[in-house]
């Protein structure tokens, strides 16, 4: 049982900086300004469902994609590390706010024409929460745990859905409490937390690249 808790804790530590629910909260508040309470709650719930579904598909279909295109685990680690480090760098030194991204601007224009437009999938679930970095990390981690032998087989089967469900529930709770979070933390607090998470992501990405290079050296030495 301790192995299960360890796997869940490790998964949340890896995924939450990438998912970064607080950034999604700021984006949600910017896009849902004209929605009533019931519609906001519906969008929050649907965004969480979409995030869970995207993560599940990435985890279980990722290996199939790798095998189909002949992608090696070291190659995936290096590519995933580059993406994660790049996303972390952008969080550490942001060029634009979350609500200024192309996806958010496009959705804002759509909301101006149709106030009840769906914002749950784009941009809240993807790319804000379950974006390219999150998907790359999930696929890479799936390959690592399946071939690493660090956890028992039953933990590898049970832990991922629990981790993805926990991330989705955390996102749902943050979106439902978005107003209170913004009043408590403020925009400055969210930016500070995002920069800290960005630094962690840069470190994780660099470590992924190092592990990939070392595995290539070990394989072809």
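The backbone N, Cα and C atoms fix where each Cβ goes, glycine too.
Judged by membrane topology as recorded in Swiss-Prot, residue 6 sits across the membrane from residue 41. Here Swiss-Prot gives transmembrane segment for one range in the set 155-175, 176-196: that range is 155-175. A Cβ distance under 8 Å defines the sequence-distant neighbours of the topological domain 'Periplasmic' (140-154), meaning residues of its chain 6+ beyond its ends; these are 3, 6-7, 11, 14, 59, 62-63, 66, 73, 76-77, 80, 160, 208. Take the transmembrane segment (119-139) and the stretches 8-28, 46-66, 69-89, 197-217: counting Cβ pairs under 8 Å, 46-66 has the most. Looking at the topological domain 'Periplasmic' (1-7) alone, the prediction's average pLDDT is 92.
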